[in-house]
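If you check TrEMBL, you get these features:
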type	residues	note
COMPBIAS	1-14	compositional bias 'Basic and acidic residues'
DOMAIN	37-144	domain 'Ig-like'
DOMAIN	233-328	domain 'Ig-like'
DOMAIN	414-486	domain 'Ig-like'
DOMAIN	516-610	domain 'Ig-like'
DOMAIN	619-715	domain 'Fibronectin type-III'
DOMAIN	717-812	domain 'Fibronectin type-III'
DOMAIN	816-904	domain 'Ig-like'
DOMAIN	913-1008	domain 'Fibronectin type-III'
DOMAIN	1026-1116	domain 'Ig-like'
REGION	1-38	region 'Disordered'
Amino acid sequence: MPEAKKAAAKKDKAAAPPAGTKPEELPPHEPTPGAEPEQTELTGLFVERPENTVAIKGKDITFIAKVDSSNLLKKPAIKWLKGKWMDLGSKAGKHLQFKETYDRNTKIYTFEMKIVKVVDADAGGYRCEVLSKDKCDSCTFEITVEAAQEEQQANILAAFKRSGEAGEDEGELDFSVLLKKREVKQEEPKEDVDVWNILKDAKPCDYEKIAFQYGITDLRGLLKRLKKMKVEPKKCDAFLKKLETAYSVDKGKKIQLSLEIADPNAQLKWLKNGTEIKPSAKYVFESVGNKRTLTINKCTLADDAAYECVIGEDKSFTEVFVKEPPVTITKLLDDVHVVVGEKVEFEVEVSEEGANVKWMKDGVELSRDGKYRFKKDGKKHWLIINEATKEDIGMYQIFTNGGESKAELEVEDKELEVLQSIADLTVKAAEQAMFKCEVSDEKVTGKWFKDGVEVKANNRIKMAHIGRIHKLTIDDVKPEDAGDYTFVPEGYALSLSAKLNFLEIKIDYVPRQDPPKIHLDTTGNMVNKNTIIVVAGNKLRLDVEISGDPAPTVCWMKGDTVISETEGRVRVDNRKTLSSFVIEGAEREDGGKYSITVNNPAGEDKAELTIKIVDVPDPPEGVKCIGVGEDTATITWEAPKFDGGSLVKGYLMERKKKGSSRWTKLNFDIYESTTYEAKKMIEGVLYEMRVFAVNGIGVSQASSTSKPFMPIAPTSEPTHLTVDDVTDSGCKLKWRPPERIGAGGLDGYIIEYRKEGDTEWVQSNQDPVDKNSYMVRGLPTGEKMEFRVMAVNMAGRSAPAIMAQPVTIREIVEQPRIRLPRQLRTKYIKKVGEKINLVIPFQGKPRPSVNWFKDGEPLDAKKVSVRTTEVDTILFVRSTERDHSGTYMLSVQIENMEDKATFEIRVVEKPGPPIAVRVTDVWGFNAALEWKPPKDDGNCEITGYTIQKADKKTNEWFTVYEKNRRPSCTVSDLVIGNEYMFRIFSENICGLSDEAGLSKETAVIAKTGLAYLKLPYKEKDMQTSPKFTQPLQDRSVIAGYTTAISCSVRGYPKPKIIWMKNRMIIGDDPKFLMQNNQGVLTLSIRKPSLFDGGNYACKAVNDLGEDMVECKLEVRALTKDKEAAK
């Protein structure tokens, strides 16, 4: 396979192989012009890397990458890339071929990429990446494609070639080679002039003129070569080891860029995309000897850039590729149910901050316009619809590059509730009439009608809309104002009606004067004299009767402030004998001292009163969990800052699982304390709590949600704590896991010790240990020590498991002893090719020396593998052979003390065939056979023989005896006149022998004088007339769906089958398919229509008669629902 040719470094011309030069002869170690010299020391996973190459158009080229796998846990995976991301593995075929080999001795993988018949499109930058679990390495290389330059062949006809791969006289002539050679043909300059030196010093505007002068026609090739010549290769002495060509890192991880410099005192700069990098928490510079390292912490997509290290004029370049992990959805969307006009918010949480998401409704992507608003804060994203309408009903979805979630929005019509209807009025002339109503929605507008005609506002008639209240006021009532008044809310099929009655009173005027007087009603809302209590949000209307002649003037005041408004939330309505003080939707600020003053020419009167506004309390504060148990949690909070003007009676608690939107009440009776123990919780589940305060007015808003907490309990204490080993300065403990671990899991164990009689325990290990054993070291020799072990999880430490008795720290000497497994106390038998894996435990202190022997000789390590630990030794044979059989001895020795164990291993296989099989006697229907045991018994006892016989006429073998113990037998019940052969298989515990022993003689059973008379044979007449055994069945089918009708018939000779529809024979109509399979007759009708219904018949006819069956086929039309489903 030809190797890749590298570009020549000569200045006078580009190197190209002459005609007839083989690709193998290309110079393998010439550097590319303008390229930096390669370092001989390789780093990372690569042993050999692909290099920059100049390829000849039309030739094959191969790139080789070698990877050392001696330190890898799994086979490396390789990717060949063109450009930045284009994977070439998907384009393997005739043009691109990939090969992979592995050398078991050197543990080196060789990866090859071959480009067959290079074309111009193959030029460009390439990258080779190798991955193995958590290790990654990559390298880059470039391919430059040049046209082939060959000498003109002497025979011009030899340049012709024919298309195709047929014989030399077939196909069409192809002149492309000839034309191509003529194009690149150049005339030699008449003068000995170095054209390239002239071009090198000339101006770019003169290139074309010089090329024409010296006969250079390939201007593009001229510019390429000139560009390479102007780049003078520079030797770099500043770097001993440069940066890798590319690095790859996952988003959020850190990466280190390392290189080695020649001068440790040299000043260097790090650049990112040409901009100098300054040291910070993000970028950390390290300097150790000649090694310089740039560490980039918490890589983001902005760190995907080109980096370079600069020392004077020398530079080292690299590229960092940041891989973005897929964004998953951690909190799914919830379904939303609202009424028309309400605000809708869909909330979702993703795994990465600032991730891009896409919102869709019913499969259509939503855009940011006046209707839809998108909001994001960290990992949370919202889709907001300010005012929901019926058109917003549907399925909403959110997509990320690693997941999706969907939820359904349901919107219902909002029902309008009438809180206060308008009432009939009876007024006198010149008085004021006011119709007022209150509805549940503040945004609802409406119109007023009188006797069916819309009322228009003027100086005397006024219409007002304040919050939920709609008013119609008529000043200076006249007789024509009497009638039926109606208020109609806009957008609702609802109307409120009332009647205005005009009362005309004629009185004689008698002037008089009475002093004014206030008649204040102290009943009702007043808790004591002149004090009124109002619940916040409710309406207060205080009607105060006044008297006096002439009519007095009324003045309401709050403190020193006069209240004179006749419109608004707080207002005063004055009439002749009645003054009303109104507060719509009372608020806390409305409380205080109020006064009413009336006066006329006859005098003055004043009354004072106090209005107290009571409200629900503020929500409790500081809700938090102060302790957890296995299924309980203790919650505490602070009382509300404002009790609403009424004493707080207690609290109500709710909890929910984190991520859920469903709250569960914990108490229905008021709980007075600010500390509560929640019970019946699930261990290991995150919960959240909130609290409501309750006073005499009602329930407050919910408090802020507590931080998530998890009910969890420590594990139970470890069990079966015992001493496993004791030395002069240490003690090895072992134990079993706790009986109850719980949802908190088990993080490890803490071991503590103390001298006998001491009160303070000393912790032996700083970090919890995972194993169920631990060696406590550094103990004083001869002292009695106490030990205890505690399990640790996220809830804390468990109760300790304490040793029952103190342990004396002193080395224990134990004699060596082998515990031979039960299976080795008898002969150990294995079949050839099976695996032997024997684990033989032993004991002894200090650690004994272990030796293996076979048949009295030391064990050959090349044939048998042995592995020994402190407590056992393992004898392992991957594939057994016969020579593994023998007597094995194990010796365990400590100084002059020794223990031995001997056992026998026998490796067996199938036996050979019996020998000397012969027929010793034949008489009557019997034959006597004898043979000798096989030469090879398979290394075990022969358990029996299997005898088979075969008639020479048929040569079919039949078993006569199985598991015959003796080397002889008598075969009986042989057939007279036949000649028999015999063969015998030997058998042991592995099975029958692969080959059989054949008898050289045959046994001929001679005939006697008996003659066999055959009975006359009368042939039965099988002819019969056709008869249908299974009739046709009536069917009802749907139009457009292929159907079939079937029946079965018998008769001999084979009857002729005729299918008919409505008594008309069905011919070769392609719509019908007629089949006959062993008498089962089928008529298939392809996509029947309504016209295919009717009576179908099948007739069977032969020379003896005929038979016919009929059925009715009904074809139904396809309904609209089924057609839509289809």
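The backbone N, Cα and C atoms fix where each Cβ goes, glycine too.
Those TrEMBL annotations? Automatic predictions, nothing curated.
Using a cut-off of 8 Å between Cβ atoms, the domain 'Fibronectin type-III' (619-715) and the domain 'Ig-like' (516-610) share at least three residue pairs, counting only pairs 6 or more apart in sequence. With pairs at least 6 apart in sequence, the domain 'Fibronectin type-III' (717-812) and the domain 'Ig-like' (233-328) have fewer than 3 Cβ pairs within the 8 Å limit; the two do not touch. Note on the domain 'Ig-like' (414-486): its mean pLDDT in the predicted model is 86. Summarised by DSSP class, the composition of the domain 'Fibronectin type-III' (913-1008) is 0 helix, 52 strand, 44 coil. The helix, strand and coil residue counts that DSSP assigns across the domain 'Ig-like' (1026-1116) are 3 helix, 60 strand, 28 coil.
Remark: secondary structure over the domain 'Ig-like' (37-144) totals 7 helix, 58 strand, 43 coil, with classes taken from DSSP. Remark: secondary structure over the domain 'Ig-like' (233-328) totals 3 helix, 49 strand, 44 coil, with classes taken from DSSP.
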